[in-house]
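J.: Below you will find the structure I want to go over with you.
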Amino acid sequence: MTELKTVQFHKPVIRGSIKVPGDKSISHRAIMLGSIAEGKTVVTDFLNGVDCLRTIDIFRQLGVSIDQNGTDVIIESPGMKNWVQPTKDLYAGNSGTTARLMLGILSASKVNSVLTGDESLSGRPMKRVTTPLEKMGACIEGGDFLPLTITGGKLKSLEYNMPVASAQVKSAILFAGLNADGETVVKESAISRDHTERMLKQFGAQIHQDGSTTKIVGGQVLKGTDVTVPGDISSAAFFMVATAMVEGSCCEFKDVGLNPTRIGIIEVLRTMGTKVEIVEQTSDLGEPYGTIRVSQAPLRGMEISGEIIPTLIDELPIIALLATQADGKTIIKDAAELRVKETDRIAAVTSELKKLGAKIEATADGMIIEGPTPLTGGILKSYGDHRLGMMAAIASLITTGPIGIEEHSCISISYPTFFEHLETVALETEEE
Ligand SMILES: O=C(O)C1=C[C@@H](OP(=O)(O)O)[C@@H](O)[C@H](O)C1
Ligand SMILES: C=C(OP(=O)(O)O)C(=O)O
């Protein structure tokens, strides 16, 4: 039987303050770089979510000592040249970031390995990563999809113009370039998240960023360091949108990552009419972070396209829900990447929101949404996709009836405390 969670609120208002869990992208990279580096790395505010735990498991199999206690992680690594041969397949689960970044790391290592994933990940394209890696001399067998067999070895540098704006592809090449002969150069068509570049610097690497071009010289040995992970703006986005949609709401999000390559959601909320204030901003972690305060105000539709897309790619499902409550048309374009995420997010968001009465149509590379539309209750599929599961739960704050969420447990992939936080900030103003 499919697991089902039912969520219902009676005239809620979103109020208070939350500290969302650590950033998923940065947590993965902290484990990866702490394991590549020699010595001790202490990670604070790590995301204790299923995807990041897969990354930890993989490095343990490579002989890295990783002591994880909730959001505290201590890594003691002999450095990547001393990793041991894994005795079983390396399992990336549902995590595209784990799989794609590991392909770059493993290709340039001394170990031979087989990388596997769950059903969803095994259907996601890997050629975007294996093609440039093979140009560097990587030996990867198996085609476009997991499982892939990687024979680690010496790589040569590469100059690469990326055909898709993807931080996973860029990071895989930079990790491979860190251990290749000569200088590797990656050029992006639109700037994607730069957490790998920032954290490489934190671990002492020389890396040069100039607009959309990044250069790294191979053969650098990294030293362990301490990393504090800021809150994940992609997780905060669910409650930021909830606040923007529910009348009379005002909510604060503490210590959230404010990296310019991730904050497209703030620009979208502001353009649609929501008041968003950044209360503090500090940058002593290698990553800027601060407190965001969101206050509800009337919403209007807008076009979301072009260079902003990589800065809010994972927020588009929840932005689609927001658009159902905005006055006029919202057009989302240039987001065909959504079709190759944990599920086809264009098809999934469209079909699930339609069940609630939304006026939403799928296009080849996005969605067109007409609002404002009152939404009814219903049973929504998550498709095992955490972002779809959370979109369904947030919808329940504005629907006239209850929302049933199928396979809700996938939410623990990126936001294990999601339902606790929902209860904390969603205050009912009416008895059942
Ligand atoms: O590098 C990363 O940590 C990520 C990059 C993005 O994927 P793409 O690189 O495929 O755009 C994003 O969707 C994913 O959630 C995390
Ligand atoms: C696409 C996502 O992650 P990944 O690619 O790591 O599976 C996501 O978190 O929305």
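Using N, Cα and C of the backbone, Cβ positions are placed for all residues, glycine too.
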J.: For the 3-phosphoshikimate site, TrEMBL lists Lys24, Ser25, Arg29, Ser166, Gln168, Asp314; sort out which one of Lys5, Lys135, Lys201, Lys341 goes with them.
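T.: So, going by the record in TrEMBL, that would be Lys341.
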J.: If you measure from the C-alpha of Asp314 (3-phosphoshikimate binding site), which of the binding-site residues Lys24, Arg124, Gln168, Arg387 fall inside 10 Å?
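T.: Matched binding-site residues: Arg387, sequence order.
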J.: Between the binding-site residues Lys341, Arg387, whose Cβ has more other Cβ atoms within 10 Å than any of the rest?
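T.: Answer returned by the neighbour count: Arg387.
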J.: Tell me which of the binding-site residues Ser25, Arg29, Lys341 ends up closest to Arg124 (phosphoenolpyruvate binding site) in space, Cα to Cα.
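T.: Result for Arg124 (phosphoenolpyruvate binding site): the nearest of the binding-site residues is Lys341.
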J.: Which of the binding-site residues Lys24, Gly96, Gln168, Arg387 has its Cα closest in space to the Cα of Lys341 (3-phosphoshikimate binding site)?
T.: Gly96
J.: Rounded to a whole number, how many Å is the Cα of Arg387 (phosphoenolpyruvate binding site) away from the Cα of Ser25 (3-phosphoshikimate binding site)?
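T.: Here the two Cα atoms are 15 Å apart.
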J.: Could you check which of the binding-site residues Arg29, Arg124, Asp314 have their CB within less than 6 A of ligand 2?
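T.: Among Arg29, Arg124, Asp314, near ligand 2: Asp314.
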J.: If you draw a 10 Å sphere on the Cβ of Arg124 (phosphoenolpyruvate binding site), how many other Cβ atoms land inside?
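T.: By my count, 19.
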